[in-house]
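Colleague: Below: one structure in C-alpha cells.
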Protein chains: 2
Amino acid sequence: MIKRTFAISLLSLSAILAPIYASAANEPIQPIKAVTPENPDVAELGKMLYFDPRLSKSGFISCNSCHNLSMGGTDNIKTSIGHKWQEGPINAPTVLNSGMNLAQFWDGRAKDLKEQAGGPIANPGEMAFTHEMAVKVVASIPQYREHFKKAFGSDTVDIDRITTAIAEFEETLVTPNSKFDQWLEGDKNALSADELEGYKLFKSSGCTQCHNGPAVGANSFQKMGMFKPYETKNPAVGRMDVTGKEEDRFVFKVPTLRNVELTYPYFHDGEAATLEEAVDIMAKIQLNREFKKDEIAKIVAFLKTLTGEQPKFDLPILPPSTNNTPRPQPF
Amino acid sequence: MIKRTFAISLLSLSAILAPIYASAANEPIQPIKAVTPENPDVAELGKMLYFDPRLSKSGFISCNSCHNLSMGGTDNIKTSIGHKWQEGPINAPTVLNSGMNLAQFWDGRAKDLKEQAGGPIANPGEMAFTHEMAVKVVASIPQYREHFKKAFGSDTVDIDRITTAIAEFEETLVTPNSKFDQWLEGDKNALSADELEGYKLFKSSGCTQCHNGPAVGANSFQKMGMFKPYETKNPAVGRMDVTGKEEDRFVFKVPTLRNVELTYPYFHDGEAATLEEAVDIMAKIQLNREFKKDEIAKIVAFLKTLTGEQPKFDLPILPPSTNNTPRPQPF
C-alpha cells in the first residue's frame with residue numbers, strides 16, 4: 001500500500017498562503033502528489049522483478065522492455081513487440097503515474113496495478129510465460145527468497161507476492177514538479193506566454209472535460225469519436241470487450257497527458273506520430289472543432305509543460321540463476 | 001581515453017607494506033584496476049547511447065538488451081536474440097571489464113571497444129540498422145546534440161563520436177573488490193578454506209596458463225580442444241575467420257572469468273549451462289584431466305569469489321524524439 005501526500009515545497013508552501021493559490025486550486029488540473037512507499041522493501045523487490053526478463057519464457061522480455069523507464073515508461077513504438085517478435089494489438093500505455101488510473105489497460109479490464117502485472121507475464125503474445133513457471137524461476141534463486149523474506153516476512157514466493165511487489169514499485173513511479181505544476185503551485189513565471197495561452201485554449205475548448213485531475217486524464221472511460229468516428233484499422237473495441245455492451249464500443253480509458261511529450265506515438269493504435277497530429281484529430285472527433293495551426297502549436301507547447309521529473313534510481317542488479325533455475329526458452 | 005589506476009583501499013595500502021603482499025604480487029591473477037574516465041561527459045553520453053534502442057531499426061534493441069548490466073553484462077541465454085527474433089550465432093560475451101580484452105568479439109575481429117560498438121548496430125542479424133540512420137536519429141534530437149557539444153566541443157553527430165562515447169562508457173564498467181581481490185590484497189580471511197583450495201587447484205592443474213592477469217583471461221587467443229576436440233553443432237571457427245589460417249580453426253579469445261557466476265551459460269556456443277559442467281569440460285579438453293566431483297566443487301567455489309562490485313549508476317533518462325526523428329520500423 002502507498003501513502004500519497006502532496007509534495008509541499010517551500011515554493012508551494014508560500015503559494016498556499018498567497019491568494020494566487022486559491023485560483024490555482026480551482027483549476028481542472030491538480031499538481032502530482034509525491035508518493036512514499038509504505039514498505040520500501042516491497043518496492044525494492046518489485047523494482048528488481050520489473051527489470052527481470054526471467055519473468056518471460058524467452059528470458060529476454062521484462063516489464064521494462066515495453067514500459068521502458070528510460071523512455072517515459074513506454075516503448076515509443078506503435079504497438080509492442082512480444083514473444084518471438086509478435087506484433088502487439090495495442091499501444092503500450094505509460095507506467096508513469098499509472099497508480100492514478102481508475103483502472104488498468106486501455107479497456108480497464110484490470111482493476112489495479114497488481115491485477116495488471118500478472119497479465120503480460122502469462123499472455124502468449126507478450127512474455128508468454130505461466131505464473132507457475134515465473135514463480136518456479138524466482139523461488140529457485142536464494143537471493144530473491146531473501147528479498148521476499150525481508151519484504152513479506154517469509155521467503156514464500158507466489159504470484160500474488162510477485163505482482164504485489166511489482167505494483168508497489170510502479171506506485172512510486174510518479175513525476176512531480178513539471179513546469180505546469182510549478183505554475184499551479186504559484187510560480188507565475190513557470191510558463192511562457194505561449195504555454196499559458198495553450199493552457200487557456202485547452203480549457204476553453206473543452207479538452208479538460210476528460211483530461212483533468214492530477215493525471216490530466218486517466219480518471220474516466222470515454223468514447224473515442226464523439227462527433228466523428230475515429231478511423232483505424234486496429235480492431236480493438238475497448239470497454240465493450242469488458243462489459244459486453246454495444247454502447248461501450250470504442251470506449252477507452254482516457255490516457256494521462258502527464259509526460260505526453262515522452263509517450264509518443266499516440267492513441268490506442270499508436271497511429272498519431274506527433275502531438276500536433278494527436279491534438280488536431282482529438283479536436284475534430286471529440287470536440288467537433290478545427291484548430292488553426294498556431295492554436296495547435298500553443299496547445300502542444302502547453303502539453304510539453306506536463307513533463308515532470310522522471311523517477312531516479314540505480315539500475316537494479318539482479319541475483320544470478322542457480323543450477324536449479326529453469327532455463328529460458330527463447331527459440 | 002581512460003586512466004587506469006590501481007584501486008588502493010586502506011586495506012590494500014597496509015597490504016603493500018606487509019610481506020603477504022609480496023607473495024600476492026606473484027600470483028598469476030592481479031586485482032582489478034579502478035577506472036576513471038578522462039572525460040566524464042563522453043562516458044555519460046555513452047551511457048545514454050548504450051541504453052538507447054533507437055540505435056536499432058526496430059527501436060527495441062539497445063546495447064543493454066544483450067549486454068544487460070542488471071545481469072553481469074550478458075543476456076544469460078545461449079545465443080542472443082536479434083532483429084525480428086533472429087537466433088544469434090554465438091554467445092554474447094560480458095561487457096564487464098571488456099576494456100581489458102586484447103581484442104573484441106570471440107574471434108577478436110575488432111581491435112577495441114570503439115570498433116566493436118559499431119558492429120551490432122549495422123549487423124542485419126542484431127540491431128539491423130545502418131550507421132547512417134543511427135546518426136540521423138541521434139542528430140535529430142536537440143538534447144542529444146547538446147550532450148555531443150558538451151562531450152566533444154561541437155554538436156556534430158557522427159558514427160565515430162557515437163562509438164567513441166559508447167566505448168568510453170564501457171571502459172568504466174569494471175568490477176573491483178571481489179572476495180578474491182580482497183584476498184589478493186592481503187585479507188587472508190576473505191576466502192574460505194574450500195575457496196582457497198579451489199584456487200590452488202585452479203593454479204596447479206594449469207587453468208592459469210590461459211586464465212591469468214587482472215581479467216583472469218581475455219589476454220590471449222587459444223585453441224578450444226587442446227587435447228580432445230570440443231563437440232558442438234555451432235559452426236563458428238573462431239580466429240580462422242579473421243586470419244584465414246587453418247591453424248586458427250577453433251581458436252577463440254579466452255574469456256574473462258571475472259563475474260563468471262553471473263555470465264552463464266558458458267562457451268562461445270553457450271552450451272555449458274552450469275559452472276560445474278564448464279569446469280569439467282575445460283579440464284577434459286584443455287588439460288587432459290578428469291576432475292573429481294569435490295575438486296570441481298572447490299574450483300567453482302573459487303570462481304564465485306571472482307564476482308566483483310557491479311557498476312552502480314542511475315538508469316539513464318533518454319531525450320525524446322522530435323517530429324523530425326525517423327521512426328522505428330519494428331515490423
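Heads up, the Cβ atoms here are built off N, Cα and C, so glycines get one too.
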Colleague: In TrEMBL, the heme c 2 site includes B:CYS207, B:CYS210, B:HIS211. Which of B:MET133, B:MET240, B:MET282 does it also list there?
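Modeller: Looking through B:MET133, B:MET240, B:MET282, the residue TrEMBL assigns to the heme c 2 site is B:MET282.
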Colleague: Give me the Cα-Cα distance between B:MET282 (heme c 2 binding site) and B:HIS83 (heme c 1 binding site), rounded to a whole Å.
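Modeller: It is 33 Å, counting Cα to Cα.
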Colleague: What is the set of residues, excluding B:CYS207, B:CYS210, B:HIS211, B:MET282, whose C-beta falls within 8 angstroms of the centroid of the C-beta atoms at the heme c 2 site?
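Modeller: Result: B:PHE202, B:GLY206, B:THR208, B:GLN209, B:GLY217, B:VAL254, B:LEU257, B:GLN286, B:LEU287.
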Colleague: In angstrom units, rounded to an integer, how far apart are the Cα atoms of B:CYS66 (heme c 1 binding site) and B:HIS211 (heme c 2 binding site)?
Modeller: 24
Colleague: Using only C-alpha positions, which one of B:CYS63, B:HIS67, B:HIS83 is spatially nearest B:HIS211 (heme c 2 binding site)? These are the binding-site residues in the record.
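Modeller: Going through B:CYS63, B:HIS67, B:HIS83 one by one, the closest to B:HIS211 (heme c 2 binding site) is B:HIS67.
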Colleague: Between B:CYS63 (heme c 1 binding site) and B:CYS210 (heme c 2 binding site), what C-alpha distance do you get in Å?
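Modeller: Distance between the two Cα atoms comes out at 28 Å.
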Colleague: If you measure every Cα to Cα distance among B:CYS207, B:CYS210, B:HIS211, B:MET282, the residues said to bind heme c 2, what is the biggest one in Å?
Modeller: 12
Colleague: In sequence order, what residues of the same chain, 6+ apart, have a Cβ less than 8 Å from the Cβ of B:HIS83 (heme c 1 binding site)?
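Modeller: Counting only residues 6 or more apart in sequence, the Cβ neighbours of B:HIS83 (heme c 1 binding site) under 8 Å are B:SER56, B:LYS57, B:SER58, B:ILE61, B:PRO124, B:GLY125, B:GLU126, B:MET127, B:ALA128.
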Colleague: Would you measure the largest Cα separation among B:CYS63, B:CYS66, B:HIS67, B:HIS83 for the heme c 1 site and round it to whole Å?
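Modeller: Answer in Å: the longest Cα-Cα distance is 15.
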Colleague: Distance check, please: Cα of B:CYS207 (heme c 2 binding site) against Cα of B:HIS67 (heme c 1 binding site), rounded to an integer number of angstrom.
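Modeller: Spelling it out, the Cα of B:CYS207 (heme c 2 binding site) and the Cα of B:HIS67 (heme c 1 binding site) are 26 Å apart.
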